[in-house]
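Peer 1: Sending over a structure as structure tokens; questions will come in a sec.
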Amino acid sequence: MLHNLLQEKKGIIFGALDEHSIAWQAARSIKAAGGNFVLTNTPIALRLGKLNQLAEECQATIISADATVVADLENLLEQAMTVLGGKIDFILHSIGMSPNVRKQRSYGDLNYDWFLKTLDISALSFHKILQTAEKLDAMNEWGSIVALSYIAAQRTFPDYSDMAEAKAMLESIARSYGYRFAKNKKVRVNTISQSPTHTTAGSGVPGFDKFYEYAERMSPLGNASAEDCANYIVLMFSDLSRMVTMQNLMHDGGFSSVGITEQIVDTL
Ligand code: NAI
């Protein structure tokens, strides 16, 4: 199905931790579509995760980088261009973490140093990647850059806490930088707003299982899986979507357009 869609395309994939990660599935689909890439994650994730396994499967090089550190990103982009033999066609930002969510601080009792960390890791890192790529002139024309978001950017889901603000900022950065990158280099920038998905980050949200089940019943097609998301990412990196930029693209089985469903009514 994905045959050759990304033939000759080179990229960087942030955020594969284990086989549940959306980025892990994306790497597999991108490889199946003919793309080549460098895999990256933080030094600690490289120690604790299973990235070597994925790198072997996809014949990809791993370059460690903390996406909040600009010097790491400069090194990553420069090394990636060397390893891949030229400029980059696609970048996937699949990064999210909130210390407040992880340590179960309530929204009325947030630790503000942690809040800033949430924003830095989950949103500002996207700007840092975009700005570093532009400054290093690392992107090919018609390249495509995607970050993963969640509908809590638009609607309140109480347990999502300060990640909601991070996602709102992430989507705003995609619009603002998308404008600039389109004008300067014909590079497109989008976010994909994904259904709840069983991953390390997803399952860290309190009450995730109920949350997942609710979304499943509220989505006419059901929740989109990580594999579905991976295929959508392939589409967004391919030339078939070349005029799409500055968008937040809902990938949620219809959830965002539904008021209520029979399955929810039946439970009341
Ligand atoms: P995951 O836990 O597998 O991936 C999160 C990744 O972020 C990990 O690989 C982690 O090492 C990386 N990361 C954390 N801090 C970093 C830093 N400073 N620099 C570089 N990488 C860093 O979980 P998942 O779900 O695959 O998350 C990927 C993206 O998808 C996140 O943006 C998440 O918010 C988003 N998303 C997830 C949903 C879900 O229900 N799982 C739903 C909608 C969006």
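Cβ atoms are placed via backbone N, Cα and C, with glycine included.
Because TrEMBL annotations are produced automatically, they should be read as predictions rather than curated entries.
In case it helps, TrEMBL gives these features for our protein:
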- G15, S21, I22, I95, K167: NAD(+) binding site (BINDING)
- Y150: active site, proton acceptor (ACT_SITE)
- Y160: active site, proton acceptor (ACT_SITE)
Peer 1: DSSP secondary structure for Y150 (active site, proton acceptor), reduced to helix/strand/coil, please.
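Peer 2: For Y150 (active site, proton acceptor) - judged by DSSP and reduced to three states - the answer is coil.
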Peer 1: Using other CB atoms within 10 angstroms as the count, which residue among the active-site residues Y150, Y160 scores least?
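Peer 2: With the active-site residues Y150, Y160, fewest surrounding Cβ atoms within 10 Å: Y160.
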Peer 1: Spatial neighbours of Y150 (active site, proton acceptor) among the binding-site residues G15, I95, K167, defined as Cα within 10 A: which are they?
Peer 2: K167
Peer 1: Between K167 (NAD(+) binding site) and Y160 (active site, proton acceptor), how many Å separate their Cα atoms?
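Peer 2: Their Cα atoms are separated by 10 Å.
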Peer 1: List the Cα distance (Å, whole number) between S21 (NAD(+) binding site) and Y160 (active site, proton acceptor).
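Peer 2: Given the Cα positions, S21 (NAD(+) binding site) is 18 Å from Y160 (active site, proton acceptor).
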Peer 1: Excluding near sequence neighbours, so keeping only residues 6 or more apart in the same chain, what lies with its CB under 8 A of G15 (NAD(+) binding site)?
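Peer 2: Same-chain residues close to G15 (NAD(+) binding site) (Cβ under 8 Å, separated by 6 or more) are S21, I22, A23, N41, L92, H93, S94, I95, G96.
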Peer 1: Pairwise over G15, S21, I22, I95, K167, annotated as binding NAD(+), what's the top Cα to Cα distance to the nearest Å?
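Peer 2: Roughly 18 Å, rounded to the nearest whole number.
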Peer 1: Neighbour count first, Cβ atoms within 10 Å, every protein chain included; then name which of I22, I95 tops the list of binding-site residues.
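Peer 2: Output for this query is I22.
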Peer 1: Taking DSSP as the reference, which of helix, strand or coil describes I22 (NAD(+) binding site)?
Peer 2: helix
